[in-house]
Amino acid sequence: MTLKESINLWGCRLQTQDLWSVVWCRNWKKQQYNDRSQLYWKMPAVVVSGSGENQEFEGRITVYVIVCVIIAAFGGLMFGYDIGISGGVTSMDDFLKKFFPAVFEKKHHALENNYCKYDNQFLQLFTSCLYLAALIASFVASKVCSKYGRKLTMQIASIFFIIGVILTAGGINIEMIIFGRIFLGFGVGFANQAVPLFLSEIAPPNLRGALNISFQLFITIGILVSNLINYFTTNVHPHGWRISLGIAGVPALMLCLGSILICETPTSLIERHKVEEGRKVLRKIRGVENVDDEFDSIIHACEMAKQVKDPFRKLMKPVSRPQLVISICLQIFQQFTGINAIMFYAPVLFQTVGFGNDAALLSSVITGLVNVFSTVVSIYVVDRAGRRILLLEACVQMFISQVIIGIILFKELKTTGDNLSKGEAIFVVILVCTFVMGFAWSWGPLGWLIPSEIFPLETRSAGFAFAVSTNMLFTFIIGQAFLSMLCQMQAGIFFFFAAWVIIMGAFTWFLLPETKGVPVDAMVDKVWKQHWFWRSFMIEDDRPDVKVV
């Protein structure tokens, strides 16, 4: 059925191109007035269920939705594996001798500055070029996601991942492995664009936070798995690094094959004029026959999206300012917690404070475990306690941890000579774990959850593209600059990140509203128009008239 054809619904005959008419017609028939003339004059032009008061849509969590969530979240696993694997590989002597001999010599130079052992721009480029590629790919992925759907975008991501794995694991020169990392970056850009949107759109509103955070959970699992792989391959000479990079093909292949089995989201189907297919999928994922209210809400959102010819231009208007500012700031803040600096280079950091190579990798495994279990805590708490309380509590926890780490390193770790004592080094690991714990149940998962749920459909894909690209840009900046910053700022780098945590806390307290339990398409009325600051940016959109014959 096309939108230009007559739509017969509950006995109403409509000749229109507007999806709004479907909603108008259903709600018209629901109204029971004896006087038809009274009905004609009292009925508003458009009635939608997605706005106004919060509404409990019918449905339950189904096995099929859980399967879809797990398969889609493998995009996060791939991303996490890429984050974690690079730090371990760049600390392996076999890898350094082959591609970065100058760094290998500095690492084993007895009088070398403790903070500057790994300061090499090409070594940092190996890690960070992935995120620059992801930044560029995210804008292309936004168009693909809107025009062809979330499912196809994830399939394209998996193909990029597989190509990247082949190039990096089989690399024979530095150019080949960097090109491989760039292809992995394309995969990250496509996956990070599609997966959070997919999860938000198939999840019931009351479980949206928990299901969306499965993406971050799989990122943390990917980091943990990569740390375990690095721990066991570091003593496999001379090709342990190839094994570490090659195993990344496993989640890439699982995402590729699994994405064939999952459904497209109802929102994406309806947005692309596959209305009846969208209704069938909605019934399937909700496990009930009566999905009319939620279907109406999606129809409303799709019609609003249809009125916007240029979503990127709409993002620049005042009405989109709250969502855009919050999404961009969350991505910047997520990186300036310092988390990726620690996760990228955890083995390098732990070697800096005195651990041997094996002990440093084992310490990274411990932080990886903390990361995973803390993310599970977030899944349980986020839809109960809300988003704001997790973010604010974590700011306090991360600030205290980083300040104490900075003080210890400033007092005890000199530029040359002995490292920290064993007890001090272990205490630093505990503090790093405390820091990771706070991040993993707050800024890590919520940095992806909140941008995926606050944009209206007409700017959702474009807005989330800005969020993803901002995240990748600042991940690139931190990845490219961290080892040089560690060399130049030494222990002061932890005070630098702690200062950012204060700014993040103030932003959350004053400018970030609570979105717990609010349907995605009711955010404007229930969140932005109620906020003391952002409500001044909300402008009523003109509703199109509906022709009834």
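Numbers here mean position along the shown chain, with the first residue as 1.
Glycine residues also receive a Cβ, built from the backbone N, Cα and C atoms like all the rest.
Quick look at what TrEMBL lists:
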DOMAIN    68-516  domain 'Major facilitator superfamily (MFS) profile'
TRANSMEM  61-81  transmembrane segment
TRANSMEM  122-140  transmembrane segment
TRANSMEM  152-172  transmembrane segment
TRANSMEM  178-199  transmembrane segment
TRANSMEM  211-229  transmembrane segment
TRANSMEM  241-263  transmembrane segment
TRANSMEM  324-348  transmembrane segment
TRANSMEM  360-382  transmembrane segment
TRANSMEM  389-410  transmembrane segment
TRANSMEM  425-450  transmembrane segment
TRANSMEM  462-483  transmembrane segment
TRANSMEM  489-512  transmembrane segment
Examine the transmembrane segment (360-382) against the transmembrane segment (425-450) and state whether at least 3 Cβ pairs sit under 8 A, considering only residue pairs 6 or more apart.
yes
Long-range neighbours of the transmembrane segment (211-229), counting only residues six or more past its ends (CB under 8 A):
65, 69-70, 72-85, 88, 195-196, 199-200, 202-203, 243-244, 247, 251, 343, 346, 361, 364-365, 367-369, 371-372, 374-376, 378-379, 382, 440, 444-446, 448-449, 452-453
Please determine whether the transmembrane segment (241-263) and the transmembrane segment (425-450) are in contact (criterion: at least three Cβ-Cβ distances under 8 Å, sequence separation 6 or more).
no
With contact taken as 3 or more Cβ pairs under 8 angstroms (pairs 6 or more apart in sequence), are the transmembrane segment (61-81) and the transmembrane segment (178-199) in contact?
yes
For the transmembrane segment (389-410), could you work out the same-chain residues 6 or more beyond its ends whose Cβ comes under 8 Å from its Cβ atoms?
337-338, 353, 378, 381-382, 420, 424, 427-428, 431-432, 434-435, 437-439, 441-443, 446, 490-495, 497-498, 501-502, 504-505, 508-509, 512
